[in-house]
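Features of the protein shown, as given by Swiss-Prot:
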TOPO_DOM  21-442  topological domain 'Extracellular'
CARBOHYD  140  N-linked glycosylation site
CARBOHYD  222  N-linked glycosylation site
DISULFID  225-228  disulfide bond
MOTIF     225-228  motif 'CXXC'
CARBOHYD  244  N-linked glycosylation site
CARBOHYD  272  N-linked glycosylation site
REGION    376-392  region 'Immunosuppression'
DISULFID  393-400  disulfide bond
CARBOHYD  404  N-linked glycosylation site
TRANSMEM  443-463  transmembrane segment
LIPID     462  S-palmitoyl cysteine
TOPO_DOM  464-488  topological domain 'Cytoplasmic'
């Protein structure tokens, strides 16, 4: 009898642990068309936590709002408190009357059209506490501006609730659903790139193998080509494999997916096969079948012939271009100097027009301020008339509009200096040097021409030489050691 009781006690102790492995491991919060998984939680670990952003929740709910014409959340509501309202499935009995309070239970459901919730339209406007929900035990939250942390007991996962910002006239609301679910499966970790070095390292060192391949390649081309090897990325390597050697059917791990794999049944190699290639998955695997050889891609280029060094003389085209540039610069300098004389008088006339426009804008701004004061008086009077209905905006069921008139732009417009002092007359960096306008323009044109001439003399011969040798470089063929179309 004692052994039976001991076995029964052990069974009831370990039974919750066994069943908890098959229970849902998280709580999923849904708003609009988006879902948020909580941290791992279950009956053994009942606290389900979320860290949410109110701006992101508003964007999610805007795709599928519970009510039309909801006022969205913005930084305007950063200073207002946030309230949480559970939605009841069963309506409890009402005891007593009066206004709703935290000790009274009544179903709080979202009704459309939603025109803004005040403190008396829902039974819970602060810490949630009722015979069904306890604020600290079942649900609690903390708010830091737009950042929201929610802790929900796992037993309450499956009930909807609402979040409300109690801002008069601006009451954004979020309607959230919760349901138990499983955490998404964790993706298997990828094989680190650093582990490929010792896995892909053959018995013969890479240095000896590559030197042997390069030596054989040079001998086959009679030392008339240059061998270029690229070992930058393992994914670009090539594979030669023998189809005569089969791959074991046991499960193996793919190590490398090469960019090119070619069968070589009758190829004579200077050394043995070092790796295992599976043709079905086109990858190097961890099985020790030794039917392949991996090598980095390398190419062949003919050795360029040595030519005589050409004489570095300035061609006639350089002098011709320099002369044309100097002539164009002088013509542009003269034309620009002549336009400065007429430009000064034009600036004076434009400055007069701007002054008259500024005076007209200032007068209109003063009239607008008077109209704004008149509208504000009427607004205050209408708010007093509709005081019992919550103000004019609540009575009209519209958003409140306000005027934002500032004097900063008008004052800046009046303080700006004359246009002639703000416009550069063509002389860069506003140098004066005590010279007249004509002398400054002539000096600037001369400096520009000298700089252009030096640039053409220094860079012109190099550019022409590169262009002259470009056709001969394009004609050089490019050979690849591994060609898919060649027969091995």
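Glycine residues also receive a Cβ, built from the backbone N, Cα and C atoms like all the rest.
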Restricting attention to the topological domain 'Extracellular' (21-442), give the mean pLDDT.
69
Just name the winner among 393, 400 (the disulfide-bonded residues) by count of other CB atoms within 10 A of its CB.
393
List the Cα distance (Å, whole number) between residue 393 (disulfide bond) and residue 222 (N-linked glycosylation site).
93
In three-state DSSP terms, the structure that the residue listed as 'S-palmitoyl cysteine' belongs to:
helix
With DSSP assignments reduced to helix, strand and coil, which class does residue 400 (disulfide bond) get?
coil
Which number gives the other C-beta atoms within 10 angstroms of the C-beta of residue 140 (N-linked glycosylation site), all protein chains shown included?
17
Could you break down the residues of the region 'Immunosuppression' (376-392) into DSSP helix, strand and coil, giving a count for each?
14 helix, 0 strand, 3 coil
When the Cα of residue 462 (S-palmitoyl cysteine) is compared with the Cα of each of the recorded positions 140, 228, 244, 272, 400, which one is closest?
228
Tally every other Cβ atom lying within 10 Å of the Cβ atom of the residue listed as 'S-palmitoyl cysteine'.
10
To the nearest whole angstrom, what is the C-alpha distance linking residue 244 (N-linked glycosylation site) and residue 222 (N-linked glycosylation site)?
33
